[in-house]
């Protein structure tokens, strides 16, 4: 304090208190300002004692001078204070701060001999010679530059700043001041001084790495440089990691192309510091709002504290102060602030708002409210006889207009007080039409229905109310059970408040008052002195006139004028009128009027007003993915023509409210460009939203496919309309708009680019389809409920309406839909409105009784590319839905393999023939028909050449649609398997389009199908069907028998191949002593096995037994293929067709064929009989009791598979049907599938562990959510379960099951019924469980007991699959293995990041480092190179590996201790 007290003494201190802070202000300097300035000097490494003299102040000003233009408010205040102290020391008389600054400027300018002003905006990085100031780089007299290290005072000031402010807003300008002119070496020295705050330092490092990478990408390395030439800096050079101080100085001050590496590096650090400031000060300036009762001064303090953390230009901060400070104030203060006029000073705002919210203001408000309440209400139309009182819109006072007002002009709208529009365009001044009573906060956004009195307020009594708009909402109310009328809530959904509530009770939720649309006259029925009259509600008429009624002789003659001229009327007063369930007494005239009208005198008495509800669709909140930021991509160059086109498009969109100008604080940008539309006359604007799509949250497509005309029910009338600018009618959430910013550049950079952001859904953004689909579903939902007899098909912006109504009624419902859409802000362009057939819709042409494809045009090319073929195939696939016989197999083969889109394609003869055949098919026009629910749906399948299939789905003789199938999933296949795939495709397609399965006509005999299906059934969904007699086109070609053929020769085959030389051998031996070997070249193991099998077929008789050890060969043969892409398999097929009977079996790797010993000694029939005869009988008893499978018998009794298979096959209850073909399912250890099945009138709930096949099942009393939840809880208490997959039955989707799953931590997923990829495992297990129950049913009385017995058999008596284990063994083994893996990983992770230095024997030198494998109590195990050593703990030093930067001794390990400087 001594130095601070000695700064100014006596007379100087008195003079200080006479100097004003501002020229026009009243506040003056005090000694507290000197104390504050002394504290601030320490941040810049300057001594407080410098303030005691004129020369010291001059030194301070020299340091602060270059920082003023970009400094904070604190820095500028410090500079001003030092200027005042300098003037006092120089005995210069000044009145205020501004005079002091000007005086200091003149004196210091004269001393330095320059005209440089004090607060200069820019200065060179290195000063001229002789003016070194505080710069680390200084110029010598010879013109060279030398480096002066940073002083300890500067580093200390930096560290103290970080410690005091904890990365507050002051850190960034402080860093700018202290690092002025520094090299990267000096900046790194400053960063290294910060010991704590390592999280912030890591953020800065990541920013440096990112910026360095961007620098390297934008500045590629040039070619070889001449000798002696200085290289250009890389990103790591700028960061100071790969460059020296001398190189940095040369880059900064070289004459040719200098690179300011210091300033660049400072900018990188500033970006990192700004990110840290935002992290440590998370409050956004936009979120700082004044509380309802918060004093204005406290709000201003919070505002400016947050404003300091915003690192933006001074102009932007000034804009924030002028707009946000007032905009975010509470309503009371905002009202006061707007009365201060344009751009009030902060002092004026603080003074004006000083008493706002206090008792005084509340008393004034209450007095005004009481005064208004005591004022009698005006008599209707009495004001028309008096002079109207003029009220000023600007100041609110009476007696003058806004033009004559002398008060400061209010900023923004004079109606609502908001900026951005004038009062004439204020949305709050808009009105809806004829609303009964006063409005709430939100106007109803949809047309209303009939009034509560029963009269249709929207139509004349003679017209049917069934077609009125009110029907939409009447039906919606009945569906929801509501009693009131539908209104639009703020969140965009529809609610139905109770009709019984009064207007005053509804408050801000809006009123369900009578509403009249303007597409026809608002005519109602009124009762005038009990006489019913139809009258027109006319807000443009002053008086009310009716004709044709008698109201007595007490009248006054009157002549009134109107559009048709003057008419004579009789004016009668005090007439009772009942209209819209309200009674009033008013004056009415009778006379010869062309139409009865109620004018404003009656409408006012009824409380009606003219309103225009502004339809608002609430935007859906959208966010970025966690941890992601918006796109910051530069705009690429565009041609002048495209720039002008984009400017015109953007100006039009801005006028229509679809775009708005982006503020200067928006840091995001996405490139934009333009392309010509199809007509080549207009341009289309495109935005490259790929980066924004990558960081935006994920969405779910609500509409998963395109509607098909064959699925439409047959209707008499069809209308198609289009929603114009569909995406641009849906608002984008305000918080997300900033990320859609884009820039329109100018030619030659003649002006700054104009930046826009989207206010609506942008084209090309991934969220637009999902949000649009969701919004349209909500908008159309009440219309669908109100018109259940009308078909409404909506796909994106195309809408189809079909009905059996009369022409007038159909047109009326279409008009209602258009009005509904128009009322919500959607446009329905007349040019795309289609009423008369043919109607163009989704690529189809529609008539009331049939549909066609729009005209197809196959491309004609001289030279075909891959892209051309793709387009051609796409057109043909589109045509295949109605043109039968379309083929594309050979066309697709033209582009098979890896080819570029522009690569030229060479046509084959087959492809040319296929194309010509398709052209002939397309030349004959085809028609499709609509679906009739009462008729049966049929599907007929036909096989074409080359395994291409055609099918048609029809009702009687009328074809709904056709299709083709040519996808061959296996290299070796047969017609029956392909037929099953075709049936499956048709079944899925029919479920999607019609919701039902057709009756199939299959070109196969029942016996052929059942023979293949019994031996090759699949765990996939195949719909049920009835066989219809058709010409059999599909048949199996060779006879595989299930049992060995007695008396036939038995062949044992094998093949092998050397992987390096690709040489192999195929061989066989027989039980009769024959053998054969064939040497193969350039082959594989699988090909050698097939060659051996083919040799066997060639050399064997008409009946043969073949034993193979290859599952590959076995799988091909038992699939009974009819054709294949493999030469050797086609040869096998041809040879097997010639055989009378073939028995094929598989045994695992009989080594005798491999050359070790003769195969006939290993697998001869005699050995099999002698070795296992005594074990066959116990195996048969075991099977009769438990019905164990073949693998279990083989494992438990050691009998051969052939014997075990025979035991199972001879059992009447266990007829084998082959092995299942399993698809790919999630087989993690915690995944279970659950389903309910029915047997003997009981409900059985089944749960299957997917990976092991372990089953849990029991009988439950009812298929409810509670019983399912109890079973799930019981299951989870026994076994680990993390994922449960079920179908979407009501019991599985119930709240009880969801609550149990949430409590246990189970992830739930649901599949679609009949989908083969959904719950195939549990569906198959239901089948197995029922079969097992049928085998042992007689062993128990109740179904509850037999279910548990069957579960025991399936879990413990059924062996096979992976590891040849039972499901119970497999599940326990999986759980044990998982625990062991976790234990080992946990142990290994303890040693993963440690290295060991060690000593061996008497050698005192430390060796290593080695990798730590294990740490025991007395020794450690170390891996050194390929050797593993055991080292005593006392001779080992364990060190954590920190990537070569830091080391920790073993004291950081648990149980470590130090002895004599060594780690034990």
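Placement of Cβ uses the backbone N, Cα and C atoms for every residue, glycine included.
What Swiss-Prot records for 722, 797, 798 is Mg(2+) 1 binding site, and it gives similarity to another entry as the kind of evidence. According to its DSSP assignment, residue 722 (Mg(2+) 1 binding site) is in a strand.
Annotation for residue 1089 (Mg(2+) 2 binding site): spatial neighbours 1053, 1054, 1055, 1066, 1108, 1110, 1112, 1113, criterion Cβ-Cβ under 8 Å with sequence separation of six or more. Sequence annotations record features per position, and here Swiss-Prot assigns Mg(2+) 2 binding site to 1054, 1089, 1109, 1160.
Annotation comment: Swiss-Prot describes 1183, 1187, 1211, 1214 as Zn(2+) binding site.
Positions annotated as Mg(2+) 3 binding site by Swiss-Prot, on the basis of similarity to another entry: 1235, 1287, 1323. Long-range C-beta contacts of residue 1235 (Mg(2+) 3 binding site), restricted to its own chain and to partners at least six residues apart, with a cutoff below 8 Å, comprise 1245, 1246, 1286, 1287, 1319, 1322, 1323, 1326.
Annotation source Swiss-Prot lists domain 'Peptidase A2' at 533-602, citing sequence analysis.
The DSSP breakdown of the domain 'RNase H type-1' (1045-1168), given as helix, strand and coil counts, is 46 helix, 35 strand, 43 coil. Sequence annotations record features per position, and here Swiss-Prot assigns domain 'RNase H type-1' to 1045-1168 based on sequence analysis.
According to Swiss-Prot, the feature region 'Interaction with Gp41' maps to 7-31, an assignment based on similarity to another entry. Through the fold, the region 'Interaction with Gp41' (7-31) approaches residues 38, 51-52, 81, 84-85, 88-89, 93-100, 347 of its own chain, all at least 6 residues removed from its boundaries and within a Cβ separation under 8 Å.
Residues or ranges marked as region 'Disordered' in Swiss-Prot: 108-146 (among others).
Summarising the annotation, Swiss-Prot assigns region 'Disordered' to 434-509 (among others).
According to Swiss-Prot, the feature motif 'Tryptophan repeat motif' maps to 1009-1025, an assignment based on similarity to another entry.
Residues annotated as zinc finger in Swiss-Prot: 390-407 (among others). Averaged across the zinc finger (390-407), pLDDT in this predicted model comes to 73.
The annotation zinc finger is assigned in Swiss-Prot to 411-428 (among others) on the grounds of sequence analysis.
What Swiss-Prot lists as zinc finger is 1174-1215 (among others), and the listing cites sequence analysis.
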Using Cα positions only, nearest of the binding-site residues to residue 1211 (Zn(2+) binding site) (722, 797, 798, 1109): 1109
Would you identify the secondary structure of residue 1211 (Zn(2+) binding site) according to DSSP, in three states? coil
How do the residues of the domain 'Peptidase A2' (533-602) split into helix, strand and coil according to DSSP? 3 helix, 41 strand, 26 coil
Distance, residue 1183 (Zn(2+) binding site) to residue 722 (Mg(2+) 1 binding site) (CA atoms, angstrom): 69
About how far apart, in whole Å, are the alpha carbons (Cα) of residue 1183 (Zn(2+) binding site) and residue 1109 (Mg(2+) 2 binding site)? 27
Using a 10 Å radius around each Cβ and counting other Cβ atoms from all shown chains, which of the binding-site residues 722, 798, 1054, 1323 yields the largest count? 1054
Would you mind reading off the Cα separation of residue 1187 (Zn(2+) binding site) from residue 1109 (Mg(2+) 2 binding site), to the nearest angstrom? 27
Taking 8 Å from the centroid of the Cβ atoms of 722, 797, 798 as the cut-off, which other residues in that chain fall inside it around the Mg(2+) 1 site? 721, 723, 726, 795, 796, 799, 832
